[in-house]
2 protein chains.
Amino acid sequence: MARCCRRLTADIAGEFLASVDTFLFDCDGVLWNHQDATPGAVETLDKLRNLNKKVFFVTNNSTKSRADYVKKCLQLGFHAEEDEIICTAFVAAQYLKSILPANSKVYVMGMPGMLQELDKAGIRHIGSGPDVIHGTITEWVQTELDPEVNCVLLGFDENISYLKVMKAASYARRKGAFFVATNEDNELPMDGPIVIPGTGVVVAAVKTAAARDPIVVGKPHHPMFDMIAKSFNVEPDRTVMVGDRLNTDIMWANNCGLHSIMVLTGIATLEEAQHLMTSNSIEHQKQIPEFYLDKIGDLEEFLN
Amino acid sequence: MARCCRRLTADIAGEFLASVDTFLFDCDGVLWNHQDATPGAVETLDKLRNLNKKVFFVTNNSTKSRADYVKKCLQLGFHAEEDEIICTAFVAAQYLKSILPANSKVYVMGMPGMLQELDKAGIRHIGSGPDVIHGTITEWVQTELDPEVNCVLLGFDENISYLKVMKAASYARRKGAFFVATNEDNELPMDGPIVIPGTGVVVAAVKTAAARDPIVVGKPHHPMFDMIAKSFNVEPDRTVMVGDRLNTDIMWANNCGLHSIMVLTGIATLEEAQHLMTSNSIEHQKQIPEFYLDKIGDLEEFLN
């Protein structure tokens, strides 16, 4: 795809939109900000559906299940079916189901939404909830590990603790252990002076202790799109990803051969995207979007 | 220094040992393993002192103060003065004293030994001890930050939590904030199936959230040797570092222009060191020791 960060304007939009039949939308920063839909987003999605375009909600957030996201969409006025929700809790559970031997057991760092997806996929798991260290190193080395655990799954976990990192790293070091993470976003997008750490913090802590990198299923990595392509018969070159983050959404589109539209209602700015076009780094080049729009609602007028 | 990982043998030891007057010893894995001095270590140090060699105990461990280490040395039979203990808790406190404006306040992730060194250096600090997250993200963003904090110091902290990472990252993002870490060792050396996470886990978590790298004072970085050189009038090319870790001890020696001896009583193996000699990577080349010995006690016979 041509990566020139060009504004999607009326004169080129018609032909471009006719050439794609699947629309993948990042959620926070694109369709909504916190509890408010972005202007025109609901109407744009309705219109795409009327034109028989496929629509998917694609998010790295690992704290919610697909059922949770359907509820959230309906609350904000979006029509959504569970099959259209591609969240990392779901993708990770499906990915594990596809690679793990029968009767595997997963040590998981994650919130209830992720546990629900694991339960639905029939995957046994331990590790959720608070787990705090006591005693001294002499006792720590006596920590009992579950002999059945053959996999570690890392997602967002507000209960991150020294003991949980110790257990996750110890399981991940086991011979033949599977090691998977939902995503590596370093923070959640919030205004103000408080940095809200993202799943990337959990992943950084455990992979440092384990001295081993996990397979990451979420954007910008392949497994999330592989699942969409396989389950819904989606063609990369007839698919467009709409996102607000260059190093996840747009890089994912470029990694997977999708068209891309950046919107300016979330994390990244137009200046950041334009600055990447001056870089020699391949990592930077992969973050340049094909098109941009001020907001997703601007697409609506092109759909008449 | 010639980096050829050559066994230090009787025929070359005499000339080499006469050419150095300062001996820097890593502790765990070199002078002792847990609660036991390695064979001949006590006698070797005594002999070095008799020959008027300067001796220092140089450790990345940030949990103990210099006073704690003097006690531990005496328990294991080593003679030691507080001035000879170069531990990262002390180095970090002295480093902060040298760079911070008067009346600074530090948000610290660390154990009591580090707090003692900060107190001794007259540096105000907050943040130690357990600090657990409650509520939801709506409340998290309201977390009150101390307006006086202008520095973050990261060391080993068994109380690592989501809230502590959030606070450390938020302070580190402040305009003009100082951001310092003791070391980045990923684990503590222990046998068995349990991985005991090191300070590197704390550093990885906070630097990911803060999207910023700290200055690291411990091995393999310069500040620790700069302090020794300045305080004790030590010449790099008349100094030898004796260590068991290639990516801290030996790399530090090579980064700072010191002679180096690897001992095989700790983390690294001879095969690992020899394997590095086949690598094209500069990072790997920097980890090749000048000499090796099975154990530090083998030095004793060369000192007659």
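Every residue gets a Cβ built from N, Cα and C, even glycine.
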Quick one: which of B:Asp237, B:Asp244, B:Asp294 does TrEMBL put in the Mg(2+) site with B:Asp26, B:Asp28?
B:Asp244
Of the recorded positions B:Asp26, B:Asp28, B:Asp244, which one has its Cα closest to the Cα of B:Lys219 (substrate binding site)?
B:Asp26
For the C-alpha pair, I'd like the distance in angstrom between B:Asp244 (Mg(2+) binding site) and B:Asp26 (active site, nucleophile), rounded off.
7
Given the recorded positions B:Asp26, B:Asp28, B:Asp244, which one has the fewest other C-beta atoms within 10 angstroms of its C-beta?
B:Asp28
Around the C-beta of B:Lys219 (substrate binding site), how many further C-beta atoms are within 10 angstroms, looking at every protein chain?
32
Specify the secondary structure state of B:Lys219 (substrate binding site) as given by DSSP, simplified to three classes.
coil
Enumerate the residues of the same chain, B:Asp26, B:Asp28, B:Asp244 excluded, that satisfy the criterion Cβ within 8 A of the mean position of the Cβ atoms of the recorded Mg(2+) site; list them in sequence order.
B:Cys27, B:Gly29, B:Val30, B:Leu31, B:Thr59, B:Pro189, B:Gly243, B:Arg245, B:Asp249, B:Val263, B:Gly266, B:Ile267
